[in-house]
């Protein structure tokens, strides 16, 4: 498959997926929306958009919980699968709609499974594109991955937590780095946990605020929590490095005297 054919196939997948999502949203969510609130029906890209959706679906969610859940999960997984920006505000919306613990479970699953879909698309559909445009960056990251191959799970989860490598790049590059689907999925599950806790909690808070102007994601508690999780993921890597004894003695070559003695 050439890069051009790969691009056309990817484009067809994106168009088909989001056309289906559009009609799913259109025919599943409430239709009796007041005229002055119709402009609220759009992809959430700000705290104000999330609050509008929370207001729109507050009563509808009580009667059609599983319909709203299905639409939310389908949209979230689709956005993740094609590495489209916007998952942060969808996570906030998950907290606003489904509250804390359910929201965390739902968002964690959607983020991890959507990333796994991106992993699969990258390997089976985008291989020629990746080889042409991302080969050099993947080779640079491959050197670091190979150096931590013995502790790959913890190192991969650490990379997912930190902002050193963009999440979209990790999703696309991982199958080409020899990272197995199992390590990728569960490493992603751990890696997106801090962000999920922060955004879902923020969504719960936002739903109760009178004005979105008071909304913020970066609080001292959230920053401390992220740092603690990063440290916990680094501990196994550091312990493994220290367990290797660099001062181990190598066998000494036999001396001339030893050789004469044997004779």
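Yeah, the Cβs are placed from backbone N, Cα and C, and that goes for glycine too.
All annotation found in TrEMBL is predicted automatically rather than curated by experts.
Sequence-distant contacts of the transmembrane segment (6-25) (same chain, at least 6 residues past either end, Cβ-Cβ under 8 Å): 71, 74-75, 78, 81-82, 121, 125-129. Per TrEMBL, transmembrane segment is recorded for 6-25 (among others).
Summarising the annotation, TrEMBL assigns transmembrane segment to 65-84 (among others).
What TrEMBL lists as domain 'VTT' is 84-203. Across the domain 'VTT' (84-203), DSSP assigns 103 helix, 0 strand, 17 coil.
What TrEMBL records for 104-126 (among others) is transmembrane segment. Cβ atoms under 8 Å from those of the transmembrane segment (104-126) belong to residues 6, 9-10, 13, 69, 72-73, 76-83, 87, 90-91, 94-95, 98, 167-168, 171-176, 181, 184-185, 188-189, 192-193, 196-197, 199-200 of the same chain, restricted to positions at least 6 beyond its ends.
The annotation transmembrane segment is assigned in TrEMBL to 152-170 (among others).
The transmembrane segment annotation in TrEMBL covers 182-210 (among others).
According to TrEMBL, the feature transmembrane segment maps to 222-239 (among others).
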Is the transmembrane segment (182-210) packed against any residues at least 6 beyond its ends, judged by a Cβ distance under 8 Å, and which are they?
47, 50-51, 54, 88, 91-97, 99-100, 103-104, 107-108, 111-113, 115-116, 119, 152-153, 156-161, 167, 174-175, 216-217, 222, 225-226, 229, 233
Going along the chain, which residues at least six beyond the ends of the transmembrane segment (65-84) come within the CB cut-off of under 8 Å?
13-14, 17-18, 21, 24-25, 28-29, 57, 90, 93-94, 97-98, 106-107, 109-111, 113-115, 117-118, 121, 168, 171-172
